[in-house]
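Presented below is the structure to which this report refers.
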């Protein structure tokens, strides 16, 4: 990704995708996946059976974290969530986040964000209208970066909501179908979560996933 000098150092970690961690939890029904990449950088708590999680982080976060709840195998099914999210002064996202195994890809449907819009420095693919708002769509190629298979080269896809929100239903299929015109596999899904990611500043989030 082409980035400005001001963000270059930050984005080394922010867009270095987390590999699976030993403390990821899987269960058999409903929400069955806990994303806990560097959750120790803040106060991460969750109730998997209730579909709720919270994350609080203080100024001085030294690395990237991605935390959330979801499913071991993603899909194009719609996701309904509600959240209280505060990230003013923080490089952070509230997003539907996941991976595709092949062709390997990392994806974000960004519902709200702090001080950094990832499409401000990535390759634009245009816009898609979904769930009451236009989303900016962009892509980037990550070369020899951490991934779900270790270190690899993969594509990132972003849809960034222009009318940001902290609750609603995400029609995931609208984004997958749009990205599919630009190389997104739209099948062979790895995990998928509603996530909070941050790599600077301070903030908080409390999220409930209802579907």
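A Cβ is built for glycine as well, from the same backbone N, Cα and C atoms used for every other residue.
What Swiss-Prot records for this protein:
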- 1-27: signal peptide (SIGNAL)
- 28-210: domain 'GH11' (DOMAIN)
- 106: active site, nucleophile (ACT_SITE)
- 197: active site, proton donor (ACT_SITE)
Packing count at residue 197 (active site, proton donor) (other Cβ atoms within 10 Å of its Cβ):
27
How far is it from residue 197 (active site, proton donor) to residue 106 (active site, nucleophile), counting Cα to Cα, in Å?
14
Protein Cβ atoms within 10 Å of residue 106 (active site, nucleophile), excluding its own:
22
Overall pLDDT for the domain 'GH11' (28-210), taken as the rounded mean:
96
For residue 106 (active site, nucleophile), what is the secondary structure state per DSSP, taken as helix, strand or coil?
strand
